[in-house]
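Undergrad: So TrEMBL says this about it:
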ACT_SITE  32  active site, nucleophile
ACT_SITE  34  active site, proton donor
BINDING   32, 34, 259  Mg(2+) binding site
BINDING   234  substrate binding site
């Protein structure tokens, strides 16, 4: 029954009959994006058609991504551009739950009531800064930041921005030693929070290639500061709580669809959702088999209920 090699009845190939039975008991499907719906700027074959069919059957869709490099609205625009549909106008981004948006909600909760305007040092994109500023948190640090001076004495003499209450680490193509040094200096100040948008170690692109992910940057800051970051993205429950609050979800009638065992599937298992692994991204059936056969209880949790080669496999179950 468990085609991935285990004998516990999990990780079953999702045939059309099984998919029909599953979808009959489901109101909402939550999708990861990179590696599931698309790679880079290329939609997966059949993926737009599968989501269009799900919408036509009255299923509510949500997009839960660890990517912090775009605003909710920009992600909604990409969904529409690649053929996945979705609402337009002022509510265009309401289906999208990104770590930048949820990190902003988290920091608003932690920093409000401090008596001074909240401010964060951001190792990340302009989109991350925009989400913070939308909830009243000023940001500094976005963009290139070269080292000033000839050595450590000069670097430590560089003035810091007053009032910074948090260091937020997201995807930052301008990450540098200068930024790392400044982040550590802020984190030495009493009460300064360290927040990471996610711990993904790599980001899948077209053609099966990858680049280093945000987790690599978070680990660098953690090691340098000797601090552990509060992680907002999958598999943290905080990002699911954001979705559940805004959508009014019933976990028993919700499915998480993703390509990573350690983020998407683990989030679904932790939050009591049904889970589907797609084989179009990071994790493989060999990874599943290793988790099923492991003596480690943490790895045993990272096993999906079902798997598909791609989400296009859902289309036969949605045809009249």
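Including glycine, each Cβ sits where the backbone N, Cα and C put it.
Can you walk me through where each of these features ends up in the structure?
TA: Cβ contacts within 10 Å of residue 32 (active site, nucleophile), excluding its own Cβ and spanning all protein chains shown: 25.
Sequence-distant contacts of residue 34 (active site, proton donor), defined as residues of its own chain at least six apart whose C-beta falls under 8 angstroms from its C-beta, comprise 65, 67, 203, 204, 281.
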Undergrad: What's the number of neighbouring CB atoms sitting within 10 A of the CB on residue 259 (Mg(2+) binding site)?
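TA: Around the Cβ of residue 259 (Mg(2+) binding site), 25 other Cβ atoms lie within 10 Å.
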Undergrad: Are there any residues in the same chain, six or more apart in sequence, whose C-beta is under 8 angstroms from the C-beta of residue 234 (substrate binding site), and if so which?
TA: 32, 64, 66, 198, 258, 260, 263, 264, 266, 267
